Amino acid sequence: MLMDIDYGKCWGSSKKDSWKTTLLLAYQSLGVVYGDLSISPLYVYKSTFAEDIHHSDTNEEIFGALSFVFWTLTLVPLFKYVFIVLRADDNGEGGTFALYSLICRHARVSLLPNRQVADEAVSTYKLEHPPETKNSSRIKLLLEKHKTLHTSLLLLVLLGTCMVIGDGVLTPAISVFSAVSGLELSMSKEHHLYAVVPITCAILFGLFALQHYGTHRVGFLFAPIVLTWLLCISALGIYNIFHWNPHVYQALSPYYMFKFLRKTRKSGWMSLGGILLCITGSEAMFADLGHFSYAAIQIAFSFMVYPALILAYMGQAAYLSMHHDFTSKISFYVSVPECLHWPMLVVAILASVVGSQAIISGTFSIINQSQSLGCFPRVKVIHTSDKIHGQIYIPEINWMLMVLCIAVTIGFRDTKRIGNASGLAVMTVMLVTTCLTSLVIFLCWHKPAIVAILFLLFFGSIELFYFSASLIKFLEGAWLPILLALILMTIMFIWHYATIKKYEFDLHNKVSLEWLLALGPSLGIARVPGIGVVFTDLTSGIPANFSRFVTNLPAFHRVLVFVCVKSVPVPHVPPEERYLVGRVGPAAHRSYRCIVRYGYRDVHQDVDSFETDLVDRLAAFIRYEWSRSLENNNDIAGNEDYGSHSGDSNSSCRLAVIGTVAFSSQQPYEESVQPASVSIGFPTVESITDVIEMEPVGRRVRFAVDDEPEPDMMNHQDTYDGFNSHQSLPSRRNKPLYRLAVTIHMSSNNLTLNGFRSKYRYFILYSLSY
């Protein structure tokens, strides 16, 4: 699987993909997207006929189950996801957060407090502005007006997120358990009871123990394994159809669903909790859209996965229609010829491991996205690949999932009860997707309200029908995803609420700029050599924690940087648009503000690269202001002249978008931005008045470590923002004691920065020695 590092796209825009590339992506998507969906024939019929209904000589039950499976696969994965939901992408990204992001961009319903108008200038912040009708404007204003609706929408998103995490616990358990259950045909019942559970637990333990290596090492095996599995079940289905009952195709008529419910009544309705397992993994088509293209996923499902699954279910039904022996247990393996039993068992176990891997990786991704929205406690995120974007590993979550998976396997020891739990989680996620997509149809696609309502009623009624069949089995396993979701939603909502309250406190207690400028020797405050970096959630103003720091330690560094790391409701922020840098106060004060923007699918940089980029962007901003002052004044006699030039009120409100490419001769693009208001009822925030998208000047920034200190740069006359323009450093030597050393070269000036990092990320100071 090959993906672009910056945008998470495999090979670029689907519109420009050649057929060869699209087919290659379709092949690769088999192992990543369809692992879970393709192994559902292992347990669908077994869960359906577990206890509620029995297979009779009339074949009405098995033909009715086949009819339900066919139409469910056709209506939900094919019509709903492939033809409708996949089009509701956010810059090519899919999933619950993509839908929520689209809604938040088109209507101010987000609870994130630090929203700025400047965020709309990001190139991935795509908006459509067709003429709105009177009704659509009225409904949009209603949504934006009531904060209760904002909270309800967030709770809906969190519910879907928690159910996906719950599915990450249940899918590996039911997949591997069902695959290993094929041993029951080769050993006695007593031995089978003592063999399947330990083998399943051992496979699960090995699967989770290997997560820290990353899937890129074995990812090239995923697609061949799933393709082999699909070809095997297709061939097996064709063999069973022609060998046992060529007329099984008649069961595809919807009439058999009616006959099924008429005969089985309540038992048949309850058995739908097993039938709905045929669409487990359908959500992955939308969630993994960003890793592939719309055309690739559409081709892979329509021409490979869908036909293979239909043939597999028809083949099993054809075999069962000619075998009414109630003593033999209904399972996938009874329809496998004896000579192929062991090869199919091996392929099934491998396919179940691949399907489990996909949902585990998806769980890591969705938790990382939840962190970006401030809805999940901070956990350690490890990048497992330098080349493949988005492949991450979260140790704490991995071991928690492993313990829960093994506990579910040992506690339930039954495909039916695990299936009841998994079915409820799957249908809840699909219901959430249906509700959010209906809002996207109305708010983002600007379709008439009747279109969104019809979509919601048609697909929502189908999913509610299955959801009710799962919910009725609350005491038979369906309680587990509800319990997990309740615990996770409580944690996530409390964390999000506390995050907002913390921001509200910081906003109301921030310190004025006049207070910062008044700090000096007259108050006993010293400016020491160095760069001080203060992390804050505020996009404007001086955080209160800095005032407490100065009160307890009456000194701060000559160069002061207030850094805000924030999330923008887009999947990716291009690196060249990530950093907003501006001054705080006049130039002589040497204080700056840096806003670092990430999308919900962006993987945050590690500490070392973040340090390097931050200092690099700060140096680029200083060089840019220096070049602008040259253009405006032709010559800068000294720091005092420059300070008087850029110390006006406007300059302290200008932020520059610092890029990563070389400076061009073109003038930087300037955009006037009005102060932004917070969407949760806070007072208006003093945001930026201008945003300058700039490319750094063609001067050098080089990195080195030095042992010998430099004289105090304040002893030199020609200085620019505290950077000496005459003194050069001695020869460079390594110093293992320091984690970071940076030399900023401007003209002939050099400066060495030695960084010391605290374990608390929200407030970090960097020492500077000369």
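Heads up, the Cβ atoms here are built off N, Cα and C, so glycines get one too.
Residues annotated as domain 'K+ potassium transporter integral membrane' in TrEMBL: 25-517. Positions annotated as domain 'K+ potassium transporter C-terminal' by TrEMBL: 529-616. The transmembrane segment annotation in TrEMBL covers 21-42, 62-83, 153-180, 192-210, 222-242, 267-287, 299-322, 342-367, 388-412, 424-445, 452-472, 478-498.
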Quick one: find which recorded stretch in 21-42, 62-83, 222-242, 299-322, 478-498 has the most Cβ pairs under 8 Å with the transmembrane segment (424-445). 478-498
Checking 299-322, 388-412, 452-472, 478-498 against the transmembrane segment (267-287) for Cβ pairs under 8 Å, the most are found for 452-472
So are the transmembrane segment (153-180) and the transmembrane segment (299-322) touching or not, going by 3+ C-beta pairs under 8 A with a sequence gap of 6 or more? no
Checking distant contacts: for the transmembrane segment (299-322), what same-chain residues at least six beyond its ends satisfy Cβ-Cβ under 8 A? 22-23, 26-27, 29-30, 33-34, 37-38, 40-41, 44-45, 55, 59, 62-63, 65-66, 69-70, 73, 77-78, 82, 227, 230-231, 233-234, 236-241, 243-246, 248-249, 251, 278, 285, 330, 332, 334-335
Give the residue counts of the domain 'K+ potassium transporter C-terminal' (529-616) per reduced DSSP state, in the order helix, strand, coil. 25 helix, 34 strand, 29 coil
Tell me, what is the mean pLDDT of the domain 'K+ potassium transporter C-terminal' (529-616)? 84
Cβ pairs under 8 Å with the transmembrane segment (192-210): which stretch of 62-83, 388-412, 452-472, 478-498 has the most? 388-412
Among the recorded stretches 62-83, 388-412, 478-498, which has the greatest number of Cβ pairs closer than 8 Å to the transmembrane segment (452-472)? 62-83
For the transmembrane segment (62-83), give me same-chain residues lying six or more residues beyond its boundaries with a C-beta closer than 8 angstroms to one of its C-beta atoms, as numbers and ranges. 37, 44-45, 48-49, 55, 248, 250-257, 259-261, 263-264, 268, 271-272, 275-276, 278-279, 282-283, 285-286, 297-298, 301-302, 306, 309-310, 313-314, 317, 320-321, 430, 434, 459, 462-463, 466
